[in-house]
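Notes follow the structure.
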Number of protein chains: 2
Amino acid sequence: MCASCDDTFASPGPKSELEEGMALTPRFGADGLITAIATDAATGDLLMVAHMNAEALKKTIETGEAWYWSRSRAALWHKGDTSGQIQTIVEMRIDCDQDAVWMKVKVGGDGGSCHTGRRTCFYRAIPTGRPVEGLTLEPRDAGKLRPAFG
Amino acid sequence: MCASCDDTFASPGPKSELEEGMALTPRFGADGLITAIATDAATGDLLMVAHMNAEALKKTIETGEAWYWSRSRAALWHKGDTSGQIQTIVEMRIDCDQDAVWMKVKVGGDGGSCHTGRRTCFYRAIPTGRPVEGLTLEPRDAGKLRPAFG
């Protein structure tokens, strides 16, 4: 499959149209992907950062549920298909240069989004305002809802 | 500069340590970058998605203000240095496989984060639950605080 030569979406125009226009012309990278970010529609918490190719983006828009491109499995991935953790989109947006999408989602099943079994992939804080040498991460929202996948 | 051979941070260990350990061992990509996401600490709104090399990550941690690597300018970028839109970090987190960071920030100056002059880079919604053919983006938070940069 050649995601970058997919003709589902029109090609990006000049910068002014890309940034100020109302046409969806996603800028897929050399790998055929854009960045996809899911936040919890109720709390605003960042749940996960993943990627979409043209097919995943189209399916997400049309179904109102998050589909991704799994880089590790090199496969289209309907989030929650086996786990029940379906991400239903409350609102979807695209950024200025159209290479990233933001989805505010409501998560099904046990409410988790991370393959480690947690609600969010961002379960460790980086302390700031101090030298990086000897720095130790700190747990946040680190409780597991279920065992890890894979 | 060779971001990927920077020795500021220890190299990532096996998956179990990367995901469950408390050592910060960021996984910079082949381009020497990780994804950096800034949300508004007060509202949870996604403000921007950018990138950090090892130096930007180190400066962000040590100063408590967001530094990025500008891919378009190929330069280290202290956000707000000229615009006043300093992003002060309220909390910083890293994700499961340590290739993305999330910063909850408070924005200085006029409160904007997007080079187009807006508060957020995500100022257009993608309507979902309909075919992508003929789709039109819809403005959201699209008012400009200032003229566009660059």
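For all residues, glycine too, the Cβ spot is worked out from N, Cα and C.
Curation plays no part in TrEMBL annotations; they are all automatic predictions.
In sequence order, B:Lys15, B:Leu18, B:Glu19, B:Arg27 are the residues near B:Asp97 (Mg(2+) binding site), counting only same-chain partners six or more apart with C-beta under 8 A. Feature annotation from TrEMBL assigns Mg(2+) binding site to B:Asp95, B:Asp97, B:Asp99.
Taken from TrEMBL, the feature Zn(2+) binding site covers B:Cys96, B:Cys114, B:Cys121. Neighbour count (other Cβ atoms within 10 Å of the Cβ, all protein chains): 25 for B:Cys121 (Zn(2+) binding site). DSSP gives B:Cys121 (Zn(2+) binding site) a coil state; it is part of no helix or strand.
Feature annotation from TrEMBL assigns domain 'Phosphoribosyl-AMP cyclohydrolase' to B:48-123.
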Integer Å value for the Cα distance linking B:Cys114 (Zn(2+) binding site) with B:Asp99 (Mg(2+) binding site) is 23
When the pLDDT values for the domain 'Phosphoribosyl-AMP cyclohydrolase' (B:48-123) are averaged, what is the result?
97
Translate the DSSP assignment of B:Asp97 (Mg(2+) binding site) into the three-state scheme.
coil
Which of the three DSSP-derived classes (helix, strand, coil) applies to B:Cys114 (Zn(2+) binding site)?
coil
